[in-house]
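Report on the structure given below.
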Amino acid sequence: MAENQDLYKKAAAEQAVEYVEDGMVLGLGSGTTVYWLLKRLGELVDQGLNIKGIPSSLRTEGWAKEFGIPLTDFSEVEMLDLAIDGADEIDPDFQLTKGGGGSLVREKLVNAHAKRVIIIADGSKMVDRLGKFPLPVEVLQFAWQRTADKIAALGATPVLREREGEVFVSNNGNYILDCAFGSIENPRALHSELKLLLGVVETGLFIDMTDKVILAGPDGAQVINKSGQNPGNN
Ligand SMILES: O=C(CO)[C@H](O)[C@H](O)COP(=O)(O)O
């Protein structure tokens, strides 16, 4: 299953490359699906494709450098032509949960400054309703316990993220609280409520940011536009 999932991630990423044009400045998302995107883009750069990218995490920056993708930053670029990113959950309205890899703030900034956003994923990420995956919320380290109390009062069970026995620190020097809210009825309202809490930096709810989703499974990669129509590969 895990092996297949990796093949699906690769298939979705390679389909997304079809939307990349010469001269574009790209937002480079984060995660293991984006790894395949970067690998393929690197091959195309080797063959002469002229692109630049802004990475949404230090991990992506490392992979992009390894694969020879030229990088830039927001001191040089006002608007990206296209951002391609992964997701932890995608609902039928294309609202997303992201942040499983801890890069949600930079990912959101990158996607917010892109003319178009394509999300790539294996089919398991598509859900009827967000909430099975605990919602990542990035918070300031200072008084994080009190911020967690406020989030708990909204109906979640926040857990301070750890990796290999250490508290996880984001690329921005913050903590992540993984907040199990159960099934999220109104992602937009929940995002707004969380944003009002002192100590919350950003939530992993990506509301109205996605134009296209490319999902891959046993039958290959499927492109889905926001309207829900399958346009083939356009
Ligand atoms: O939001 C993210 C990282 O913060 C990733 O895009 C998300 O976790 C999906 O990752 P993967 O492609 O490894 O399943």
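Cβ atoms are placed via backbone N, Cα and C, with glycine included.
Where the annotation comes from TrEMBL, it is an automatic prediction and has not been curated.
Listed in TrEMBL:
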- SER30, GLY31, THR32, THR33, ASP85, GLY86, ALA87, ASP88, LYS98, GLY99, GLY100, GLY101, LYS125: substrate binding site (BINDING)
- GLU107: active site, proton acceptor (ACT_SITE)
Shell of the substrate site beyond SER30, GLY31, THR32, THR33, ASP85, GLY86, ALA87, ASP88, LYS98, GLY99, GLY100, GLY101, LYS125, same chain only (C-beta within 8 angstroms of their C-beta centre): GLY29, VAL34, GLU107, ALA121
Rounded Cα-Cα span from the residue listed as 'active site, proton acceptor' to LYS125 (substrate binding site), Å: 17
Those binding-site residues in SER30, LYS98, GLY100, LYS125 whose CB falls under 6 A of ligand 1, listed in sequence order: SER30, LYS98, GLY100
C-beta crowding around SER30 (substrate binding site), within 10 angstroms: 28
Among LYS98, LYS125, the most crowded of the binding-site residues [Cβ within 10 Å]: LYS98
Euclidean distance between Cα atoms of GLU107 (active site, proton acceptor) and THR32 (substrate binding site), Å: 14
Per DSSP, three-state class assigned to SER30 (substrate binding site): coil
Neighbours of GLU107 (active site, proton acceptor) among the binding-site residues SER30, ASP85, LYS98, GLY100 (Cα to Cα, within 10 Å): SER30, ASP85, LYS98
